[in-house]
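S.K.: Dumping the structure here so I can ask a few things about it.
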Amino acid sequence: MTSRPEQDMETNVTVVSAADMTDARKGGNTRKVFVRTYGCQMNVYDSERMTDVLAPEGFEATDDLEDADLVILNTCHIREKAAEKVYSELGRIRKVKEERAKSGKDMMVGVTGCVAQAEGEEISRRAPIVDLVVGPQSYHQLPSLLEKARAGSKVVETEFDIDAKFNHLSERAEKQVLKRPPSAFLTVQEGCDKFCTFCVVPYTRGAEVSRSVEQIVSEAERMAAAGVREITLLGQNVNAYHGTSPDGAVWGLGRLLRRLAEIDGLDRLRYTTSHPRDMDDDLIEAHRDLKSLMPYLHLPVQSGSDKILKAMNRRHTRDEYFRLIDRIREVSPDIALSGDFIVGFPGESDQDFEDTMDLIRQVGYGSAFSFKYSSRPGTPGATMDEQVPEDVKSARLAALQALVAEQQKAFNASRLGMTCDVLLEKTGRNPGQLVGKSPWLQPVQLDAPEDLIGSIQAVEIVDIGSNSLFGRLIAGQDDLGRSGRIPAPAA
Ligand code: 5AD
Ligand code: SF4
């Protein structure tokens with residue numbers, strides 16, 4: 001997913017600092033919190049909410065670790081390396097903490113997220129500087145947990161009570177939203193009941209729980225009122241969403257999107273990450289019916305081999321995936337498809353891998369993420385026979401990534417000469433430059449005045465880079481307040 005923080009929950013480690021995330025009490029005795037976020041967008045969203053609940057306690061976010069009174073590592077457990085990075089980061093933090101102690105300053109250290117959930121007390125045993133370990137369902141309790149830790153006890157809170165979390169975190173002050181970019185995340189469900197045999201999510205995030213329609217709509221309305229133009233609905237298995245509406249009916253994701261599309265000022269909607277089995281007709285048709293639903297879909301398939309799909313417990317065949325893609329392209333021919341692939345799952349033969357390459361060739365992706373299988377303790381995959389040697393995994397990953405890179409280049413090149421709506425999000429690297437997002441989720445760089453940040457502009461795509469597009473603002477057209485794309489005659 002382009003830059004993975006934008007895209008997937010379970011990804012390359014990404015680091016997002018929270019400097020502009022809080023609305024800390026000004027003046028008075030402010031304390032500084034440094035939040036480092038690993039993994040998926042769900043963690044990015046959770047980190048923002050943690051800084052939200054800490055703000056009334058007088059915490060202001062900082063980018064400077066050495067300046068922090070409280071350090072939070074919001075962790076990811078999806079692959080082994082992600083957890084190891086946390087431990088090595090804790091080693092670095094220990095040194096900073098010791099330095100601060102020399103000048104009489106304290107530093108508290110918290111580990112949150114999926115490593116916290118999975119490893120619990122083991123974390124403070126392995127890294128004694130850790131004062132508190134808090135699982136993803138308990139962030140609303142941070143202030144009181146912090147109090148306990150400050151009083152001297154090691155705190156480990158890994159209860160599963162997701163409803164309580166949603167209820168307590170649902171209030172989000174407009175002032176806080178305003179400080180954030182015009183594109184925001186909104187969690188609509190958490191957890192997963194699919195139990196793919198390689199995946200820790202059902203264990204770290206628990207069973208699938210959907211927020212109520214009312215809660216989501218009111219959070220989205222507050223975001224829109226504060227200037228958010230694009231919302232990405234988040235969930236580990238987002239299209240399994242089944243939230244209760246005010247009249248007690250159960251709504252799927254398609255229906256929820258239709259309702260959110262009615263909110264004034266919300267010009268763009270996205271959702272991630274989906275499972276092929278949960279792509280129902282209503283959701284597919286929403287891509288046809290809703291102008292604000294962006295033409296981008298992240299739909300991981302993981303493997304193109306029926307044998308491996310079965311061993312992964314993905315609950316669908318290769319052919320069923322092809323048929324699904326056909327139906328989606330029927331209603332949205334121009335959609336940018338993205339996916340996740342795992343190479344080297346136990347038992348994957350050369351032929352199985354070839355089947356994956358063949359699937360990729362047949363589908364044609366706009367982008368995709370790929371990973372070497374990483375054995376996760378406690379998952380069925382970890383004890384399967386025929387684990388694939390590391391060098392074979394590496395060779396397969398390189399081949400797959402080369403193929404996807406080619407497809408991404410071709411997809412980007414096909415945008416050349418088009419005019420499309422771009423949501424301008426932030427300043428670029430060079431003076432006078434802004435960076436925005438195309439309907440297909442590609443970053444677009446262009447020269448434009450800073451006061452256009454937060455607006456949607458018609459932009460002609462004039463050049464293509466490896467990951468981003470380069471555009472030219474179309475003069476005379478200001479904020480169109482519309483989404484989707486306007487096909488233009490080729491240049
Ligand atoms: N090993 C490698 N990749 C994994 N993923 C999830 N679990 C594992 C694992 N054990 C990948 C899947 C998923 C993505 C977010 O991370 O492709 O879709
Ligand atoms: Fe993990 Fe499978 Fe659930 Fe995705 S659908 S979160 S890969 S168990």
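Note: Cβ is positioned from N, Cα and C throughout, glycine not excepted.
TrEMBL lists these features:
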| type | residues | note |
| --- | --- | --- |
| DOMAIN | 31-151 | domain 'MTTase N-terminal' |
| BINDING | C40, C76, C114 | [4Fe-4S] cluster 1 binding site |
| DOMAIN | 178-410 | domain 'Radical SAM core' |
| BINDING | C192, C196, C199 | [4Fe-4S] cluster 2 binding site |
| DOMAIN | 413-475 | domain 'TRAM' |
S.K.: If you check the binding-site residues C76, C192, C196, C199 one by one, which have a CB less than 6 Å away from any atom of ligand 2?
M.R.: C192, C196, C199
S.K.: From the binding-site residues C192, C196, C199, pick the residue whose C-alpha lies nearest to the C-alpha of C76 ([4Fe-4S] cluster 1 binding site).
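M.R.: When the Cα distances are compared, C199 comes out closest.
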S.K.: Express the predicted model's confidence over the domain 'MTTase N-terminal' (31-151) as a mean pLDDT, rounded to an integer.
M.R.: 92
S.K.: In the structure shown, with every protein chain counted, which of the binding-site residues C76, C196 has the densest set of Cβ atoms within 10 angstroms of its Cβ?
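M.R.: When each Cβ's neighbours within 10 Å are tallied, C76 leads.
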S.K.: Ligand 1 is in the model; which of the binding-site residues C40, C76, C114, C192, C199 have a C-beta less than 6 angstroms from one of its atoms?
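M.R.: Passing the 6 Å Cβ check against ligand 1: C199.
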S.K.: Can you count the other CB atoms that lie within 10 A of the CB of C192 ([4Fe-4S] cluster 2 binding site)?
M.R.: 22
S.K.: For C114 ([4Fe-4S] cluster 1 binding site), just give me the three-state DSSP call.
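M.R.: DSSP assigns C114 ([4Fe-4S] cluster 1 binding site) to helix.
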S.K.: For the [4Fe-4S] cluster 2 site (C192, C196, C199), what does the 8 A shell look like? I mean other same-chain residues with CB within 8 A of the CB centroid.
M.R.: K194, F195, F198, V200, V201, P202, Q236, N237
